[in-house]
Amino acid sequence: MEIRNETLSTDFILLGLFSGMKHTRLLVSVVLLIYTIAITGNTTLIFLIWVDPHLHTSMYFLLSQLSLIDLAFISSIVPKMMVNFFSGKKNISLVGCGTQIFFTLTLGIAECLLLTLMAYDRYVAICNPLKYSIIISPRVSQRMAIGSWVGGTLASLAHTAYAMHFPLCGPRELHNFFCEVKAILKLSCEDISAYEKGVVVTSIVVVLLPVSFILTTYILIFLQVLRINSHEGRKKALATCSSHLTVVIFYYGPAMLIYMRPGSSHTPILNQALFMFDTILTPMLNPIIYSLRNREVVDSMKKVMEVVHSK
């Protein structure tokens, strides 16, 4: 019994999202529906890009990487959330918590980097189309994807290792629905002001600078689009850009409010809502946005459906 109590004392308790709610089962059903749609949508998009030769371009390769990140992102959070709910437990082990922090940070930062590189891809495609296949070759797009994953992994490894080494005081209760760095740091016994400054610097590097780069890129893109004489050409250029820009707003908006808003640590309920939008809703919305706004993806889907029905 002593061993069991000692083991449980090292666990964290996740209090967020479902605690104190009257209609918990309805919320659980909604989250499960969102998870199912996200898995189906992203898997379908990856499959279409893989099987359709017309989609074997750098733009769609990067899009398939975005879907892969979204699949892993939502899967690193929702299954554990559901296990805790249906088992009636709210605990997560120290190792499990550290692992979840590592994966969510890796995937979150990788998505930030990938969305930035996708903006550059659109810039080259519209502003320098004759040299697009040379500048954004398959090898370059592969390096973009690898750079996003590696950058996310290295930054996450540093933050996870440093955040988890702090001694913790008091009850290990996290006011969130998953293990997150800021929630862990609130339990620390030591002065973490130096580390918090490091978090701000990281936020500037992976959030503010990419947003500034993306905005600059799109200003140049829109100026170039205005020079296109063909109405159909302008429409096609804006369609591919609007999908990416919408995804950027949905992803970076909540991230900036969480990590760069003064006093954000004092609004746990608002933070939970923003985290839910970023980690659960956005992975569901991304494939829908790209599918509905992209004619080539819709045409590819129709071809696959025709093949399936013919059999």
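Even glycines carry a Cβ here, placed using N, Cα and C.
Owing to the predicted nature of the structure, the values given are computational and were not obtained by experimental measurement.
Annotated in TrEMBL:
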type	residues	note
TRANSMEM	26-51	transmembrane segment
DOMAIN	41-290	domain 'G-protein coupled receptors family 1 profile'
TRANSMEM	57-78	transmembrane segment
TRANSMEM	99-120	transmembrane segment
TRANSMEM	200-225	transmembrane segment
TRANSMEM	237-260	transmembrane segment
TRANSMEM	272-292	transmembrane segment
May I ask for the residues of the chain that lie six or more residues beyond the transmembrane segment (200-225) and have a Cβ under 8 Å from a Cβ within it? 109, 112-113, 115-116, 119-120, 122-123, 126-127, 155, 159, 234, 237-238, 241, 245, 248, 252, 255-256, 259-260
Near the transmembrane segment (237-260), which residues from the same chain, at least 6 beyond its ends, have a CB less than 8 A from one of its CBs? 59, 66, 108, 111-112, 115, 118-119, 122, 125-126, 182, 199-200, 203, 207-208, 210-211, 214, 218, 221, 225, 228, 271, 274-275, 277-278, 281-282, 285-286, 289-290, 293-295
Kindly state the mean pLDDT of the domain 'G-protein coupled receptors family 1 profile' (41-290) in the predicted structure. 87
